[in-house]
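What follows is a short report on a single structure.
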């Protein structure tokens, strides 16, 4: 296999880095997007969920100011500081009191930290929460002077709020008040100054707090000013009188909506119950002066909403140095503004009190770097905060990538040096040491007499350099990440091959030089053979090619023979001087070649003769082909020969006897890899895939192959029985099924069935899993990595491990479309299950179904509620059987949650097309049909809604709120029916279409809408009559008609049993079968027996017509399915009007309902 490169594709490791830094510190934090409205929360960790008691699904997309944690003791000043911190680009800490979901209060230290992208702009905020103390331990609220008063939900009518702001810096400015006020007319407002404009009630003065403009809010008090005494006490003598607050222009409105010059929005001194909190800048120096004095500046005499006062405009646009110097001290004032403005006049600025938005104007460019203080606070180490972008793995300076070309060349060089060491180290230790002792000393001729010593010295130097390079070479950890940190590389190398490499690189001949013990040097030199371990650990890199495998096998055989030849010569050389009888193999060799040893032991064959003869003996012994010309004679030689024969037989049998088997075994996975890779490259070449896409394709294939090792799990599982397959799938998905809350409590059989349906998906960084507009056919569970969800270019959520995304399958009978793109930030592993498979399993285990849907919390709902899935082209996406099964399942699993979600249609009643904007004001419905006619297709009538059932519904009084004078829409009214009821037949409708009485409540045109987004009124749970265009009938008239219809239906129920009994009697006595209306067989004439049963029924039509006078009118207006043929306008009709006499009924066959294909 190729070199394991690890995860080298650019990844967005923002979430992983934050979690890794915080996981050991018990941090509680959320991440918010600074580029969306309200700085919505896009991620929260488990610690924050445990702290506040809310689940992750409840926190996502909420404002990061945590308004849902506010309570009676939450300080307004602290909340305003958090809001202002979100406007800037610097870190800030705020201490604030929050409330958990259970109502308990705690004091929390919030640390707001900005996060930048590659351009240096702040795109996100990290809010870290640290619990200081539980609020229950604090004293009574009377001592909490900075705590916020009760909100609207806890505040009794007429009770005002108290807001005291600690501004000690204002005390130092009192001495300069006159100078600043004198220059207020021509100066400019300080850039950092703000105005505090709040509703206050009189409170006890404090040495450190400043009561600002305390007034009482009254709903019917237009002026909004408190008593004159209070104003004089606050403003002081000499202050100019205030004019009506309605004359004060709103600079905030102009800054937010420059085009709305004609807006009538103005600042008000009082705060009504519908007003909202906002943040605004100071518009002039007068505002700053008034803030110091505790009042607002006097408004201009001629205020205009179309343009600002010239003086204000001049002050805003002034940038002179004198103005900045004049007000340099005002920047010390905390930048906090609470401006309660009555915005009811401008719908663009209107906001409900329950959802307080933070409107963040551009104060300054958010390009400040994260300070070192932030790094220390969050304990992020040297990495500071990661940037939110796709970035390649960070490589430290002077670090070598383990897959770089330089490293590859260096490894080949080291391999050659290792081979040299493996060959010459045993040779020099066995053959050359004796010659060195007999030759001249090295001190006289130096390295000129020993050329191999120079080479050995160079090899030792290269090995030492290789050790240094290994300290700077990256590696791949267990998480498939490339590690480039020098410290971690050193620790990894110390734990691995450092000891072996160090021992093999020690130059023992230099350390023991001059000691005279050449035998010891020769033995220590054999430690260099440990370098062969480097070759052994890299053999798998070259074992995928057949030629390389054969070459390595032959080299291994020759190297072992070389080592054995050196040992064979060492044995004979050791025994030769001490042997009296000349029987050793060296003596025999000398006698054979004519170079015998003399009596002193000198002479004999040359080194070349000795080595070649020894190598010849070992090869012949290893291959079991001994010719006997070189034979062992001494006991030592014979024992060694036995060992060589054993080794030879083992090598011969295992290598040469099974070369083909070894190659096939080594090539089994490699051959499949290259075959598949060849197919991929042929596909790329044939379709001319562009370069970037080609690289992504090859990179994914290589990583997927290394991830699965080329194993096709489906092919492997197919060879096992289903019970074993279920056990294997249960083991592979055990982490998800054991730790995911919705699967807890499921039986073993249910878990096995679910495990069989799950599929594992592996996604590289940058890969898009779901595109905007794609059908949501599966539910995804993240098991590793992190993903981001984008709407356009805006990140709306970041999901990590154990998060779930998709759509709530139990609320919709048909798959919806995605409202955003889902893109992987890192290498991700996801478990997905298709909606059909999940619904099928839950259908088999209905006792587990309710628990699953109630405990399933989808972290992010991808369903696009702004689109209408029930379009004509979407009918072909599902088969008839799956539609019926999904409709049945959706009915059985309906919950009351449908009525609580605006924009979703109730799943219990068949008529769920509410009077939304999409169905109102357009004649003819969504497909251009008239209100009183226009057929619709049977497919759309069956499964257009989230839940559709053919079973009759029990009728309940209609209580959905409707505008006055607006009748129920979707069905024509009675006078419309009278105008177009030429073909209406009450009798045939009563007999052959009793179900039409109930289908009146479920309009076919209403079922074309699966959901209505942003519906202002909740949808009824059981009965939802669609609303038509407004102004056609008053509400009282419609309700009276509904009551009359209810009474008629009650009468019908009393006669239904008798009528059905009569019909059954007619069918039983009919002797001949009546063919279908669309059949080619002619209907035989009625026999004489067919007229007698009809005589007793003569009074029945009259009674039925009387009892169904109004019902028939509604039935006549009901639309036919689009697949049914239209009724003929001329000629005989199948539905007889029967204007009072029943004689014709005896000669006419029974007719079918209008929905029958032949009617």
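Every residue, even glycine, has its Cβ placed from backbone N, Cα and C.
The topological domain 'Cytoplasmic' annotation in Swiss-Prot covers 1-403 (among others), and the record cites sequence analysis as its basis.
Residue counts for the domain 'PAC' (92-144) by DSSP state, with H, G and I taken as helix and E and B as strand, are 6 helix, 33 strand, 14 coil. Look at Swiss-Prot and you will find 92-144 tagged as domain 'PAC'.
Under the heading region 'Disordered', Swiss-Prot lists 231-314 (among others).
Positions annotated as phosphoserine by Swiss-Prot, on the basis of a large-scale study or a structure entry: 239 (among others).
The phosphoserine annotation in Swiss-Prot covers 243 (among others).
Summarising the annotation, Swiss-Prot assigns compositional bias 'Polar residues' to 258-269.
Residues annotated as phosphoserine in Swiss-Prot, with similarity to another entry given as evidence: 283 (among others).
Feature annotation from Swiss-Prot assigns phosphoserine to 284 (among others); the stated evidence is similarity to another entry.
According to Swiss-Prot, the phosphoserine annotation covers 320 (among others).
For 351 (among others), the entry in Swiss-Prot reads phosphoserine.
In the predicted structure, the topological domain 'Extracellular' (425-450) carries a mean pLDDT of 64. According to Swiss-Prot, the topological domain 'Extracellular' annotation covers 425-450 (among others).
Swiss-Prot lists 472-495 (among others) with the feature topological domain 'Cytoplasmic'. As a summary of secondary structure, the topological domain 'Cytoplasmic' (472-495) carries 10 helix, 6 strand, 8 coil according to DSSP.
Annotation source Swiss-Prot lists topological domain 'Extracellular' at 517-520 (among others).
The annotation topological domain 'Cytoplasmic' is assigned in Swiss-Prot to 542-547 (among others) on the grounds of sequence analysis.
Annotation source Swiss-Prot lists topological domain 'Extracellular' at 569-611 (among others). Note on the topological domain 'Extracellular' (569-611): residues 427, 430-432, 434-435, 617, 630-634, 636-637, 640 of its chain, located 6 or more positions outside it, place their CB under 8 angstroms from a CB of the stretch.
For residue 598 (N-linked glycosylation site), the count of additional Cβ atoms within 10 Å of its Cβ stands at 9 [all protein chains shown]. The N-linked glycosylation site annotation in Swiss-Prot covers 598 and is backed by experimental evidence.
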Residue numbers, six or more beyond the limits of the topological domain 'Extracellular' (633-638), whose CB comes under 8 Å of its CB atoms: 568, 571-572, 575, 579, 583-585, 588
Secondary structure tally of the topological domain 'Extracellular' (569-611) (DSSP, helix then strand then coil): 21 helix, 2 strand, 20 coil
DSSP helix/strand/coil residue counts for the topological domain 'Extracellular' (633-638): 4 helix, 0 strand, 2 coil
